[in-house]
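Each remark here refers to the structure printed beneath this line.
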Amino acid sequence: MLIPKRTKYRKQHRPVRSGMSKGGNEINFGDFAIQSLAPAYVTNRQIEAARIAMTRYIKRGGRVWITIFPDRPLTKHPLGARMGSGKGAPEFWIANVRPGRVMFEIGGVSEDIAKEALRRAIDKLPMKCRIIAREGGDI
């Protein structure tokens, strides 16, 4: 699973989810990609589930690139804890994804296989997404 090797601080503020993505809006590596249409926090487990869904479908052909990284810790209090008593312990790592961000890219496979693999990965993600091609536009 994806987590940072080390961070300067153990706990951080929650990131801002408003606004469009400032970078990472274009396909850089593959031929087809998943682009987010809504803001969301994507956890390291969701990224891993989407990666496994894609790689199992394409089998040995093609290549998958993950262009987001969960670099922010999200904290939670234990269940049944009373209010107060400080900030909770880091529970999981998230990537702050804004609308327009390209999250996964795929290359080296036909359009039909890429489309189905990316559709399976979209089912694992917590927001609305679309599949785009390098030539331009939706598929």
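A Cβ is built for glycine as well, from the same backbone N, Cα and C atoms used for every other residue.
Quantities reported herein were computed from a predicted structural model and do not represent experimental measurements.
The compositional bias 'Basic residues' annotation in Swiss-Prot covers 1-16. Marked as region 'Disordered' by Swiss-Prot: 1-22.
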Would you kindly list the residues that approach the region 'Disordered' (1-22) from elsewhere in its chain, counting only those six or more residues past its ends and only Cβ-Cβ distances under 8 Å?
36, 39-41, 44-45, 47-48, 66, 69-75, 87, 90, 93-94, 96-101
Treating G and I as helix alongside H, and B as strand alongside E, what does DSSP give for the compositional bias 'Basic residues' (1-16) in helix, strand and coil?
0 helix, 0 strand, 16 coil
